Every structure is written in C-alpha cells, then in structure tokens.
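Below is one structure, written out as structure tokens; comments come after it.
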Ligand SMILES: NC(=O)C1=CN([C@@H]2O[C@H](COP(=O)(O)OP(=O)(O)OC[C@H]3O[C@@H](n4cnc5c(N)ncnc54)[C@H](O)[C@@H]3O)[C@@H](O)[C@H]2O)[C@@H](O)CC1
Ligand SMILES: Nc1ncnc2c1ncn2[C@@H]1O[C@H](COP(=O)(O)OP(=O)(O)O)[C@@H](O)[C@H]1O
Ligand SMILES: [K+]
C-alpha cells in the first residue's frame, strides 16, 4: 500500500530539510531538477524528443523549471524557456537559477530564453516535441488568473509530450478539482505522492505519476500520519480470501443475492454468476417466480430460489418471511441490482436492514435508492455500500458538483459517521472504511464504463466478504481484481469490446495473474 500525503505535509518536509537538516534550499531545488530530468529521460525512449519547451512561473515551481532547463542544455537538447516573470519579479532560489540559466543559455545557439509578453510568445513552442509545465506547484492558490487559463489552454492544444513539474498547473491538489488544468502525460511529483494526484481531476490530468526527489529520502514521511493509500497489487494478493483445504461448500462462503425484477433480469444474473466465479461455495439468487425461466437461461451455477410474486415481477415486503431462512443462512447478502423501485420492494429492503444488524450486506443500485435520505434510520455496521458518484450524491441529498468538489472529505465523513464501508465506484474507485481511511484503486480502464460492470463488482464483493472475516482486505482485493480482469481483457477485446460477462469469465485468470506474480 502506498501512503499518500497532503501538499501541506510535503511543504513541511521541505521545511524539515531546510530548518532541521540545514540543507540550503537551493540544494533541494537542484536535487528536484536532476531527478525530474532523470525521470523524463527514463520515461521516454531515445530520439523521442529533441526540442524541449519549459514554461516557468513566478515561484519555486518556476525555479525548478529554470534548473531543469540547465540539465537539458548540458545534455545537448535544444531548449526554449518562457519565463512568466521578469528578473525583478523573481526571488530566492528561483532568481538564482534564472540568472545561471540565462547566462548559460547564451553558449547554446539553438536554445533561447524569453520573458513572456503575451499569448503570442507561446508560438515559440510550436517546434517543441516535449513541453514542461513549471508554472505552479504546491504554492498554487485559488483558481487560475485569466492569463494563466489562456496559457494552459494554449499549451493543452500543442502536439507534444507534456510533463508537469510537481503538480499540473490548475489542479487544486487538496481537493483534486480545478477548471482549467494542464493535461500532462507524465507528472514528476516532488518528495512524496499527494493524494489529489490520484483521483478526481488529478486522475484525469496527471498522466503517469512518478516521484522526484529533493534528496531527503523517505524516512521523514514514516513519522507523518496519513489516512490515504494507493492500492498496490500485493494488497490485493494479501486480501484474497484464504482457502482451507478441508473446506466444504457451506464453509467456503455462502451468499444470497436478492436482485432482479421483470424490468431488469440481466443485472441479477451478472451479480449471481460473479459470486461463484470469485470463489464462494454456495450462492442462491432470490428471484420473482413468475419470470424465473428468463433468469434460469442466463444463470450459470447459482441456484435460483423463486419467491411468490403473484405475477407482479418484483420483490415485496411479504416475501421477507419466505426468504428468511436463506437470509439467516447467508454469510453475506448482495441486494439491489435490477430490483426496481416499487414501494413493496423498498419496504422489503428496509426490513432486511432492520432485522440483520450485523450481517454483511452489500447494498447496491436500487437498494441504495431505497435508503436515499433515510439511511440514518439504519444501523449500517458491516454494511458495504457500492454507489457510483450520482447514487452517492442522491443518497446524501447533495448535488454531484458538491460531491465532486469535496469528494474525499464527504466520503470519509459518511463512512465514519455511519460506521460502514463505502465503495465509491468511478475512475478510480475509492474505498472508505469506518476509521476514516481511504484506499484508491490503481487498476481499471475506460472499457469498464458500461452497463452491468458494477453488478459484477457487487457479486465479487459479496463473494469475498462471505469467504473472509476481513471486510476491508476483501474489499481491496475484490475492487482491484475486478479492474485487473478488465485490464487483462484489453489486448483481446480493446476498450470498446469488453462486456460484463467477459469480466466474470476473466476473473479467475485475474486471480491467477495476481497469485503468479507473488509466488
Ligand atoms: N520549498 C522547497 O524547498 C522546494 C520547493 N520546490 C518547488 O517549489 C514549488 C512550490 O513553490 P512556491 O511555494 O514558490 O509556489 P509555486 O511556485 O507553486 O507558486 C507560487 C507563485 O504562483 C503565484 N500563484 C499562486 N496561485 C496562483 C493562481 N491561482 N494564479 C496565478 N498565480 C498564482 C503566487 O503568487 C506565486 O508567485 C513546489 O511545487 C516545487 O515545485 C522544489 O524546488 C523543491 C524544494
Ligand atoms: N473510466 C473508467 N475507468 C475505470 N473503471 C471504470 C471506469 N468507468 C467505470 N468504471 C468501473 O465500472 C464499474 C461501473 O459500475 P456502475 O456504474 O455501477 O455500472 P452498472 O450499474 O451498470 O453495473 C465500476 O466498478 C467503476 O469503477
Ligand atoms: K507544475
């Protein structure tokens, strides 16, 4: 698990280096620039670029840019530097490096440094095949000025590899938000990974993220408390439910899926089929009797139990007693996909939650709708809620913009206050636990943005939590493997052709791929 930090934590590390270790700050800038140079060279093959353009802002992020320019110059690249500040506006290490680079660049006839005058100054970058954004870093405050917005928009349109120094300009790294943001192919972030690079607008604007070094190593950060983590393959490996060689089918995870209705049959079968493919020993799908034949055609190994629906084609409060035995039997229950939103269905869901306080229940789709605005009436201990952003915003009665402007804090507060697990689906999916910790999933692809992939995840989660006592580790493993299966499908199906059934079929291969990489 990779710990993630706030930009405040990282700025304090700079202070630690300068004030406690007594490292001159210009040494930190030099280290930063050298490591950024090395990261860029490592991430592109030889001959991929010759002409480097660097745009430098007025603070130390710009200082990194002037310093980085020197490393490109002495390694024989042609460099065009555009400084957004004139010499009088710069100070400290940024000024020192500006002066050094300005003098040095005179010896390189194909390279030049200019002071930005207007947007037309950026035309100088048209021949560059690599552009470095050293405009704003951790000192960025508020939204971008109009001028910076036009600069970023202009840069985003250029055909070149795009690099960001520390943070893409325009990204608020504390909230992973921003309106106009530089869109990088590679972000070399300094000192430590910041949480906001990995979700929200950070996820969509950083490209590949690698760490650059200011030269103080990682030990300092071991003393800093964080609640945010990036999931790594080994976390998914250790979260895999253990298999006991003497297990039998009823000690191997028993799952009840309550899903589907006349309107939506497919969702129920995707969820139930995913349960057994991901290792549970037994799975019943509770489904309306009047339409059971349609489900039977799509169901693989799970057993269908048909409840009396009196041709209504959905589950009703009256069905609770009929299903009680299976409810009690199950180690975990998955409820919601395709269930519909009839009053009787909502009452059934409410009763299930009221009567099963500590049972592990995965609440998805229509079951989330059923507790919109009234979720506080239920004890959500051991419950796993799996909304996408819109479902979560509706659940807690806020707009999707409000949610996305403060995603981590809202998710965290919700899970802590309700003592539940929240699997907030999206790109990326984020898991929140009742202790206020956050785990960001690092695998997955846009091919998953399709009807039914979430139904599969619900089945995988119900299966894993039924097989294990560890909810948190099971969730980490389930979410990661669901996305890994989709990633393994890319060479065969492309980002266009993946369907949910493929993810179910690929799931065992994803487990094998993961296990083979550790044993
Ligand atoms: N402090 C240190 O010891 C180190 C800092 N480093 C670099 O320094 C960066 C932080 O430097 P600074 O604290 O100088 O901050 P930045 O360089 O990120 O930005 C500060 C400048 O941008 C302006 N600004 C801020 N928000 C703006 C907005 N919305 N629109 C327009 N202008 C805006 C400020 O007025 C100021 O001139 C890091 O991200 C990193 O790149 C590295 O050199 C390593 C060491
Ligand atoms: N662009 C994307 N990149 C990675 N994963 C994605 C992307 N879009 C969607 N997903 C994943 O696909 C699934 C979609 O779930 P959901 O929206 O509930 O679909 P449905 O309800 O139709 O089954 C979630 O696991 C989500 O994280
Ligand atoms: K930057």
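Residue 1 is the first one shown; counting continues down the chain.
Backbone N, Cα and C atoms are what each Cβ position is placed from, and that goes for glycine too.
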Cross-ref TrEMBL: AMP site 425, 426, 427, 428, 429; candidate in list 344, 454, 459, 497 matching that site is 454
Which of 61, 75, 227 shares the K(+) site with 133, 169 in TrEMBL? The record says 61
Neighbouring CB atoms within 10 angstroms of the CB of residue 141 ((6S)-NADPHX binding site), all protein chains considered, total 6
Rounding to whole Å, the Cα atoms of residue 388 ((6S)-NADPHX binding site) and residue 426 (AMP binding site) are apart by 6
For residue 426 (AMP binding site), the nonlocal same-chain Cβ neighbours (under 8 Å, six or more residues apart) come out as 388, 389
Fewest C-beta neighbours within 10 angstroms among the binding-site residues 63, 428, 454 belongs to 428
Near ligand 3 by the Cβ criterion (under 6 Å), the binding-site residues from 60, 169, 426 are 169
Listed binding-site residues 138, 141, 425, 427, 429, 454; those within 10 A of residue 61 (K(+) binding site), CA to CA, turn out to be 138
For residue 427 (AMP binding site), the number of neighbouring Cβ atoms whose distance to its own Cβ is within 10 Å equals 15
What remains of the binding-site residues 141, 427, 454 after requiring a CB under 6 angstroms from ligand 2 is 427, 454
